[in-house]
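Read the structure below first, then the notes.
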Amino acid sequence: MYAFYSLLIYIFYSLFRRDGGAAAVSDPGDPTQKSGGQPRGRRRPDQFTSELWSELNSLAGCSESEDGQKGAEGGAAEVSLEEALMRLAEFLSVQLGAEESCGTTPDLGKPGEVPPLLTVTSQLLALLAWTRSPRGRQALLQGTQPTCPVQPSTLDGSLSQEESSSQPTPILDEVPRDETQEHQPLQLEEEQRVWQRLEQLILGQLEELRQQLEQQEEELSRLRLGVGVTDSEKRVQHLTLENEALKQSLSLTRDLLLHWGPGPLPRLSQEEAGALLELQGQLQEAQDTTEALRVQLGAQELQLQGLRGALRQLQQETEQNCRQELQQVHGQLAGLRARMASLRQGCGDLRGLVSTFTQSCQGSLSEAQGQVSWALGALSAGKAKTQLSEGNQAPPTGCSGRLLELKGNIRVLCRLRPAEGQPSSLVSVEPGQGGTITTCYRGRQHCFRLDWVFPQDASQEEVFRQLEPAVLSCLQGYSVCIFTYGQTGTGKTYSMEGPPEDPGIAPRALQLLFREMGTGGHHHVTLSMVEIYNEAVRDLLATGPPERLVVRQGPAGQGGIQVAGLTHWDVPNLETLHQMLSLGRSNRATAATVMNQHSSRSHALVTLTLRAASPPRPQGITGTLHLVDLAGSERVWKAGVASPVQRDPNGARRLREAQAINRSLLALGGVMAALRARRPHVPFRDSQLTRLLQPALWAGTTAVLLLQISTRAEDLGETICSLKFAERVGQVELGPARRRRAPRSGTPSSLSTDTPLTGTSCTPTPSPGSPPSTSPNSCSGLTLEPPGDPPP
């Protein structure tokens, strides 16, 4: 914008300097303004730029030709008119192109849409074109005042009217000098009128510029109230540039008026001069306001930067504080979690103390009841001393009950197989109650302490004497389980069954029970015998071929298990019982291995149910005796079943049997570990063996483990494993033994919530004999019954 005004002022300066600074008056009769002898009409606003450009080019050509002729007189100009006009025209083209590119191309067909800058520029170019014409030169030489055209259309219209009315001759020199002087006053008057009219138009243009200035000031005042600092700054800059442009235009117009007017413009009235001064004051005020706004904008920018910095710092501080608070909350949460864990542990410890205290109280109560029963039993034994012929062989029933309770619910007895030849020095034994077994294996010494350790030369009678109190407790309504455990070939079946000339635990226990029942009231004995072979349950007392039985959980509310298809035999006397046991032993699966010629390949379970009822009461107590002969744990490479093709055609079967035996014994170890740790879930369902032993290993029962070990050096590793298992089993606590009532439905029951063990003795009564018969009941489900009173 400033470059344009500088260029424009430079053009006029050069022009006035070349022409001597003289003024000119437009001649309405100039023949050079004609085009082909025809008067020109008013040009349309949209044709102004192109026509004006053509006129400027023609005028530039004329100027160059004339300047060439008068070069000697006037001298060369500082800048050519053609170059100045080209610069001015290029600026106008760029200005119009910029407006078109911004999407604000003015409609030149409407007078209100023409920009003021373009209007003023057009007026100046029109004036410049007139001064370069021959008539303008003549007017300048005469020193008359020009009628500066404000609008090209006005100038063109006036020129056209003058041309059409005057009809000048093509040769100006031929006009006489006197005639020219005669017409000069008329010309001056007419030109004076034209000058006044053009002066009014210029004053109107000045008023329009003043109004635009006021609009810009109003726009500037509106921008002061705006919120967006960046947009306001851009708008202020734009308005400042427009304000400068308007000031330059106003100054240029004022200078032109002063230069072309008659001296110091004597014709301007005081009001016009005051208006001009007022406009100048408003312009100065607008400049001051713009500068103040610029200063205020800078201050606001600084304030905004400060606010942004403060906001950024506040955000950082808030974020840091939130992170610190979050870390503190996490730390407090971790502390609360640790506190909660400690409280839970303390609660568990308190529960354990309460449980221990409860058990201690129950134990003290049971001990007191046992002492009372001991006294009553001793009194009864003193009265019946003369009536018992074999009183010295077995202790009274009350004594056995108290002794069983004092020794604990689970006892571990250990029996060593007699060594063949020289005894091994790797195993040392301290027999007796609380005896120890010390082994030396791979340079390390292991010591195990058990409830009772038998010497190597212990007889079957000595072994049974330790189990006799537990067997007799069945007559009082308790559930007892005796099972043998150990490596294959260590004598488990020998200790449980024994030969006919030296019977084992099972024949002696049955003989003792029938002897005691023969002197008491009415007793009903039921027998069942099963084996677990390759995880299949088979009935050893079935009349037909053995079938695989299905083990199910008992009905809801009754507990226990049920074996569908299992037969229960009523046993009237001892002879029938021995016959049935012989039948079951003959049906059991046995085979020869490298370690044992008569190795049991299955687990055998004999269940004897005793129900006794006094004549006054229809419902009596029920006791259960479980005799379990477990198959021996074996290592397949030692038993000779690792390569079945080379050793035995049935080696594959022996291998499957060994794998099934080891898996079931491993499941039994898991059950014992869960019972020892008092876990809420005991994995009885991991094996068929543990499922059948669930009634015998539940709370309130009595269990006795007879461990069979070997003292041979090659069996020392398996012996240590068996001793470790027995030591863990000895730590299992099943709780106080409880008595059980017989169910009303007649189904054999194996476990219920009963009264604690007491030393009350049973009076033997003869039992009527009856032939063996098959019980209609076909399951061994266990029914829970409420506790009942002991028999009188």
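Every residue number used here counts from 1 along the chain in the order it is shown.
Backbone N, Cα and C atoms are what each Cβ position is placed from, and that goes for glycine too.
Taken verbatim from Swiss-Prot:
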REGION    22-45  region 'Disordered'
REGION    142-184  region 'Disordered'
COMPBIAS  142-169  compositional bias 'Polar residues'
COILED    186-347  coiled coil
BINDING   G486, Q487, T488, G489, T490, G491, K492, T493  ATP binding site
REGION    734-792  region 'Disordered'
COMPBIAS  744-764  compositional bias 'Low complexity'
COMPBIAS  765-774  compositional bias 'Pro residues'
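Distribution of Swiss-Prot features across the structure.
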{"residue": "G486", "record": "ATP binding site", "Cβ within 10 Å": "27"}
{"residue": "Q487", "record": "ATP binding site", "Cβ within 10 Å": "25"}
{"residue": "T488", "record": "ATP binding site", "Cβ within 10 Å": "25"}
{"residue": "G489", "record": "ATP binding site", "Cβ within 10 Å": "23"}
{"residue": "T490", "record": "ATP binding site", "Cβ within 10 Å": "28"}
{"residue": "G491", "record": "ATP binding site", "Cβ within 10 Å": "21"}
{"residue": "K492", "record": "ATP binding site", "Cβ within 10 Å": "26"}
{"residue": "T493", "record": "ATP binding site", "Cβ within 10 Å": "23"}
Across the coiled coil (186-347) the predicted model averages a pLDDT of 80
Which three-state DSSP class does Q487 (ATP binding site) fall into?
-> strand
Tell me whether K492 (ATP binding site) sits in a helix, a strand or coil according to DSSP.
-> helix
